[in-house]
Amino acid sequence: MAAHQEKKLAQERRHKTIQNDTKASQGQWGRAWEVDWFSLASILFLLMFAPLIVYYFIMSCDQYQCSLTDPLLDLLTGNKHLSDIWNKTPTLTYRAAGIYSLWVAFQVVLYVFIPDFCHKFLPGYVGGVQEGAVTPAGVVNKYEINGLQAWIITHALWFANAYCFHFFSPTIIFDNWIPLLWCANILGYVVSTFAMIKGYFFPTNAKDCKFTGNFFYDYMMGIEFNPRIGKWFDFKLFFNGRPGIVAWTLINLSFAAKQQELYGEVTNSMILVNVLQGIYVLDFFWNEAWYLKTIDICHDHFGWYLGWGDCVWLPYLYTLQGLYLVYHPVQLCTANAVGILMLGLMGYYIFRTTNHQKDLFRRTNGNCKIWGKKPQYIECSYMSVDGTKYYSKLMTSGFWGWARHFNYTGDLMGSLASCLACGFEHILPYFYIVYMTILLTHRCLRDEHRCFSKYGKDWKHYTAAVPYRLLPGIF
């Protein structure tokens, strides 16, 4: 009897060891296997308050001329009750539901059914069928890269309507902004819930799923690594890149049209916001194939964080500068406008050049020149779930020798420029730079924690060679 129990315990220990080894290997990618109390508290906070934050910002512009303090003062002093604010908020309308449904359906059609043709005549553009990075299960997914094409078609139709056909007003987005918010929330929650159900019952690849046993964490951070329907509809690529980012420039154009309608002119600050943010949107689509190698696609699972975030958080909070300028038009003096433009362009140059250096280094396996010299690097190794050993080279030359995430530094400079275009009368337009600073700093820490788990002692050698994360000599 005792021998039988000892044998059983030995088998359980061996089984647990195998499970832990598998988890350790898979843990190199994606989100956590286990949930600590701080992570759970953060998740619950975001699930409860992120939708309220978005509503508060948009409501403050609609009812309080973009003041973030006046609503609170009204509530604290008893001048208004929550019901008063809520009752003045525009509700979901059939018009908004129709607009939003057509918008999403149109983007699905452009994404799934129209193969890319831009790469056939645009020199330097990489589109069409491209391979993503290897997944934790050792799978290499293929993607139809056609985001630039979708953006061009969408905006061509927008301008054709604005100047030729006049089927709808260019201010249509602004005029239905809050009813569209409810539509975006519905889609965000529906797709996040569907992704979780799919992960449990019919995952695309069971080996690329992670379950913690904690409902809230799994719902927030996602279960499946690459949920798909059919061969080409990839949830992560579609919702990360379409419909939110395609809409970003249309939203800003609608805000500019509203400013023209209300004041008879479009201010130089509104033009700056449209130009600076438009550059980043176009850059995203021009380099969509490169995006397949970023943290969003290579490491994040698809859950509420991406599903709801891409549908609601991105289009509604990343466009606050343009919304603010509808209510508070700012005409900058020439010197300030030029200075802000230069800051934004410099930030974009750093952002793009840094990413280009890394991409060139990867494509050539280090057989290239960075700043006229052969790049330096540290070679690292890691294991996939199936036990296959892979090797990576981490560059320590060029901008990547200045800081480990110097591309984020350029991104922050561009974000700050679009905020500065709004002047200093209100703090609302500066939410963007505050949020981006928190987001990118947190992303640095997440990425480095993951890289340390993945590469081990090799990562320590790399951080010794490049000691700073974002700001050389400071952080």
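Each residue, glycine too, has its Cβ placed from N, Cα and C.
Per TrEMBL, the features are as follows:
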type	residues	note
COMPBIAS	1-12	compositional bias 'Basic and acidic residues'
REGION	1-23	region 'Disordered'
TRANSMEM	37-58	transmembrane segment
TRANSMEM	92-114	transmembrane segment
TRANSMEM	148-168	transmembrane segment
TRANSMEM	180-201	transmembrane segment
TRANSMEM	237-255	transmembrane segment
TRANSMEM	262-282	transmembrane segment
TRANSMEM	302-320	transmembrane segment
TRANSMEM	332-351	transmembrane segment
TRANSMEM	412-440	transmembrane segment
With Cβ distances under 8 Å as the criterion, find the stretch in 92-114, 237-255, 412-440 that has the most pairs with the transmembrane segment (180-201).
92-114
Do any residues of this chain, six or more beyond the ends of the transmembrane segment (237-255), have a C-beta under 8 angstroms from a C-beta of it, and if so which?
103-104, 107-108, 110-111, 143, 147, 150-151, 154-155, 158, 170-174, 191, 270, 273-274, 277-278, 281, 284-285, 288, 291-292, 296-297, 302, 306-307, 310-311, 314-315, 318-319, 322-323, 325-326
Among the recorded stretches 37-58, 92-114, 302-320, 412-440, which has the greatest number of Cβ pairs closer than 8 Å to the transmembrane segment (332-351)?
412-440
Within the same chain, where does the transmembrane segment (262-282) have neighbours whose Cβ lies under 8 angstroms from its own Cβ atoms, ignoring anything closer than 6 residues to its ends? I mean 6 or more beyond.
148, 151, 245, 248-249, 252-253, 255-256, 318-319, 321-322, 325-326, 329-332, 337, 340-341, 344, 348, 414, 417-418, 421-423
State, in range form, which of 37-58, 92-114, 148-168, 412-440 has the highest count of Cβ pairs under 8 Å to the transmembrane segment (302-320).
37-58
Which bits of the chain, at least 6 residues beyond where the transmembrane segment (37-58) starts or stops, bring a Cβ under 8 A of a Cβ in it?
68, 71, 89, 177-178, 181, 185, 214, 216-217, 219-221, 304-305, 308, 312-313, 316-317, 320, 323, 428, 431
